[in-house]
Each structure stands twice: as structure tokens, then as C-alpha cells.
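Listed in TrEMBL for this protein:
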- 26-48: transmembrane segment (TRANSMEM)
- 40-290: domain 'G-protein coupled receptors family 1 profile' (DOMAIN)
- 100-121: transmembrane segment (TRANSMEM)
- 142-163: transmembrane segment (TRANSMEM)
- 193-219: transmembrane segment (TRANSMEM)
- 240-261: transmembrane segment (TRANSMEM)
- 273-292: transmembrane segment (TRANSMEM)
Amino acid sequence: MDNLTFRHGILLVEGLKVTPQSSQPVFIVLLLAYVFAVVSNIGLIVLISTEKNLHDPMHFLFCNLPVNDIIGTTVIMPRLLQDILKEASERYISYVECVIQAYFVHVFTSACHYVLMIMAFDRYVAICNPLRYTAIMTNKMVIKLSAFAWGLAFLLVTIMIGLSVRLSHCRYKIENPFCDNASLFKLSCENVIINNIFGIIYTVIALSLSAVSIFITYVKIVAVCITSKNKALNSKAIKTCSTHLAVYLIMFISGAVFIFLHRFPEYADSRKLASIMFHIVPPGLNPLVYGLQTKEIRQKIVKLWCRKNRIL
């Protein structure tokens, strides 16, 4: 198979290690998690798109999050589910498919940070400059912020994956449940120091930009709440910011566990499982957090549910 692999650019993916006895239960659990994440995120996009009173900057910016969550789950889950039902020696993927999968895996991880960053900016303007909110957060500004988040993600990922694609490959096994940038450049026997350096730069930019900007934003919001005697404003700030912060912490902790386990080779299997969970847990929890915590969305969901029960 080695000669065929090199000649045709076919790779062998390790996939998720499960015993034959547990493959079907694991398949069902992951399938249900995937369906729930996709359906709930699509539901939120449809709800915001169709309900006119949700047509405001906050909810339009929020739509970037479910779109990214759908990308994050769909880029790995269908193939992962397919591979679970296959023998480990039959989990093949073409090199081109692997590159595409790795590309969107990293677009998802990058966009997570940048989308939450622009959402934090929206909350900052709404709470710290409420009188100027409509003047600042125009449709044009929403488009600019969204374009910045996605544009930065695509730019950095394009450079990173491009550095890996330029390398020749002398190996054919992806020692990971799915393809990512590290899996791609580990196929090569060439010097990959440039890839490692840019990978560190990419990670630092994504983490520091979001963490620092969100931290500064919340410090300013807290300062406004402390000095303000407006209880209604403070209550609204706490509700909206706690929702945003919960989503950020879910994403940050899921990613941090994955990165932390990278440092310990003896926990390789746990790291691989954590990498899969990063594509399942945040996309599955984000709709729940926003659906339950955001008053406008919660009211619409309750209203639609009541209307449906009345019809039935």
C-alpha cells in the first residue's frame, strides 16, 4: 500500500480509537451530538433572520458564531463518524481532502476568537457609550467587524497551511483523528522549523488578541457599572456580558485542555479526544447558553413553542 499511497496521494487517518464493541455506541453518541449542534445553530440563524425585532447589531454579530460552529462540527464529524465504522487499516483520505479539512479546522479555531472579540466590542459600545450606540454600530460597522474577524482568520490560516503544502511528504499516516496543520507538516521529512515558528506566532496572535481585548473590554464595562447608579443598566450589563463570557470560557477551556495535553506525549489519546471535543462541546453549548440567557431569543423560542403546542 505504501507505493500506492505515495503515487496517488492517499493518506491513512488514525481516526478515533474505539474497540469493535464500543464503535456503535460511540457512533450514536457522536451522531446525536453532531445533529444537535447543527440543528440548534441553524435554528438560531433562522430565528434571527426571520424575526424583525432581532435585527440589531448584537444579534447580527452573534450570527457569525453559529455559522462558525456549523463549520467547526461539519468539517470533521461526518468523516469521523464514517471512519468509526471502518477498520483502522481502511480509513483513507486523499491529500487534497486532508488539506481542505485542515484548512477549515483552523479557520474554525481562529474565527472562534475573533468573532467573540468583535462581539465584546459591541457590548462595550452598548454599555459604555449607550447614547452613541446607534451612531457607531451601523450596518456598515457590523459588516466591517464581521469582515475583519473572518478576513484575519482566513489570512493567517492560508499562510500557515500554505507553508505546510509547499513541503514534500515522505509519510502517509495522519496520527490524529482528523487532519490539521501539524498532521500535514509531520508528513514531511524536510526541515519544518518555519512551520513551527509560524504555528507559535499564529497561536499567540489568536489567543492574545482575543484575551487581551476581551479583558480590557470587561475592565471598562465593570468600571462603568461600579460608577453607575442605574440598576437597570447594571442588570442588563451583567446578563449580556455573563452570556458572552460563558461562551468565551467554554471555548477557551476546551482549547486550553487540548493545547496543554500536547505537552505530555503519554496523554496522546486524551489529547486526541480533547481535540474532537473542541469541535463538539462549544458548538453544542453555545446555542444553549445564548438561547437560555439572551432574553430576546429566549422569549421568541418560548413564543414559538407555545404557538406550536396550541396548533397541536
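Including glycine, each Cβ sits where the backbone N, Cα and C put it.
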Folded-back contacts onto the transmembrane segment (193-219), same chain, C-beta under 8 angstroms, at least six residues removed: 109-110, 113-114, 116-117, 120-121, 123-124, 156-157, 159-160, 163-164, 167, 181-182, 185, 241, 245, 248, 252, 259
Stretch contact, the transmembrane segment (26-48) with the transmembrane segment (273-292), Cβ-Cβ under 8 Å, 3+ pairs: yes
For the transmembrane segment (273-292), distant same-chain residues with Cβ under 8 A (at least six beyond the ends): 16, 30, 33-34, 36-37, 40-41, 43-44, 62, 65-66, 69-70, 72-73, 75-77, 80, 105, 108-109, 112, 176-178, 180, 243, 246-247, 250-251, 254-255, 257-258, 261, 298, 301
Taken over the domain 'G-protein coupled receptors family 1 profile' (40-290), the model's mean pLDDT: 86
